[in-house]
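Trainee: Take a look at the following structure, please.
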Ligand code: HGY
Ligand code: MN
Ligand code: MN
Ligand code: MN
């Protein structure tokens, strides 16, 4: 089955109709149905499937062994996300394995497809949670204590998804088995459109992280409280949203986004007692990301003081700049007909793994350049070109 046909199935199974929009959530609803769909598809292609203690799904062609060639991505999405971010890599992996088996190819090294858990951090707030646990870049205790907006702990969700909260965390044996990792992903930008090419190889990932700015004031009545008597945390939060853009603009190629602003308790006729503002900050150089956040924190503290409010800034996740293995990158570019190498502003499981295993990424052209929104797109022909390119890479690496 082609990559584009498998994508259509994922879209069908994963679209979370209960929530109306297009969201593939983690560990429940669409996610559980997607986990079952992937397991069925992998088994139908002769792969052995198991869930690791961190709820990542592994499908093996051959006995799990050292120096395996591993590919894969994720199936969860951001709220209201697109249909390609994550699923394209999983669909291409299934299609690539199917096409290799159809030609009678006998790999001399094990091949595996992995579906990482909670890549978007859409439920528990930490992106790439499955690959961070696997690689030990987040501890079991820190992960298990994470709570979703309904107060469900990650430990509970992990158990429900077949993971093992008591033994979650760094999985040395699993890491040792990975000889090379390659993740195919829809491009989140217009680089390939401008270059008029279907496939590219990733060169680097911006340094990026998430910080929660909690402005604390005095909850009060919207009508009975005179302006002079207010300590309204919404004001410093609003000023900080504007300052985020200004501060980022002062740093070369930096990005700062406030996509989530949550007043508590959130009543129309209530002055909030706290307002949480989440900052997503990214820049090519790690120190630029860090100084952007430090400058904004300072300004936000002044805004809070002006309104008699307090501010607490918490770092929720951070990844330094990732430079993919240059030898692997160049080899892939050459083998894919002199494909271009592109930097990306999006984080990926491949970026998390790259600190410990030879990791790489392939990008597929996205005509809209939009991602993390329903307009994200890749043409069926380019999706299938990505699947064939991935099959070639797996064949060469596992021969
Ligand atoms: O947020 C990101 O960069 C990725 O899509 N998880
Ligand atoms: Mn994403
Ligand atoms: Mn992704
Ligand atoms: Mn990813």
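Cβ atoms are placed via backbone N, Cα and C, with glycine included.
Positions annotated as Zn(2+) 1 binding site by TrEMBL: 74, 85, 185. If you look up TrEMBL, you'll see 85, 120, 372 marked as Zn(2+) 2 binding site. Taken from TrEMBL, the feature allantoate binding site applies to 210, 269, 282.
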Trainee: Residue 185 (Zn(2+) 1 binding site) to residue 282 (allantoate binding site): how many Å between their Cα atoms?
Mentor: 19
Trainee: Would you mind ranking the binding-site residues 74, 185, 210, 282 by how many other Cβ atoms sit within 10 Å of each Cβ and giving me the lowest?
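Mentor: Selected from the binding-site residues 74, 185, 210, 282 on minimum Cβ neighbours within 10 Å: 210.
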Trainee: Listed binding-site residues are 210, 269, 282; which of them have CA atoms within 10 A of the CA of residue 85 (Zn(2+) 1 binding site)?
Mentor: none
Trainee: What does the structure give for the C-alpha distance between residue 74 (Zn(2+) 1 binding site) and residue 120 (Zn(2+) 2 binding site)? Integer Å is fine.
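Mentor: Spelling it out, the Cα of residue 74 (Zn(2+) 1 binding site) and the Cα of residue 120 (Zn(2+) 2 binding site) are 9 Å apart.
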Trainee: If you measure every Cα to Cα distance among 210, 269, 282, the residues said to bind allantoate, what is the biggest one in Å?
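Mentor: This binding site's residues have a maximal Cα-Cα distance of 36 Å.
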Trainee: Measuring CB to CB from residue 269 (allantoate binding site), give everything in the same chain under 8 Å that is also at least six residues away in sequence.
Mentor: 221, 222, 223
Trainee: Filtering 74, 120, 185, 210, 269, 282 (binding-site residues) by proximity to ligand 1: which pass a Cβ cutoff of under 6 Å to any of its atoms?
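Mentor: Checking each Cβ against ligand 1, the ones under 6 Å are 120.
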Trainee: I'd like to verify something. Among the binding-site residues 210, 269, 372, which ones have a C-beta closer than 6 angstroms to some atom of ligand 3?
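Mentor: Checked binding-site residues vs ligand 3; nothing flagged, none.
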Trainee: In whole Å, how far is residue 120 (Zn(2+) 2 binding site) from residue 210 (allantoate binding site) when you measure between their Cα atoms?
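Mentor: Cα-Cα, rounded: 12 Å.
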Trainee: Round to a whole number and give the Cα-to-Cα distance in Å for the pair residue 120 (Zn(2+) 2 binding site) and residue 282 (allantoate binding site).
Mentor: 15
Trainee: Give me the long-range Cβ neighbours of residue 372 (Zn(2+) 2 binding site): same chain, 6+ apart, Cβ under 8 Å, in sequence order.
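Mentor: For residue 372 (Zn(2+) 2 binding site), the qualifying residues are 78, 81, 82, 85, 188.
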Trainee: Within 10 Å of each Cβ, count the other Cβ atoms, then let me know which of the binding-site residues 85, 120 comes out lowest.
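Mentor: Per-residue Cβ counts within 10 Å for the binding-site residues 85, 120 bottom out at 120.
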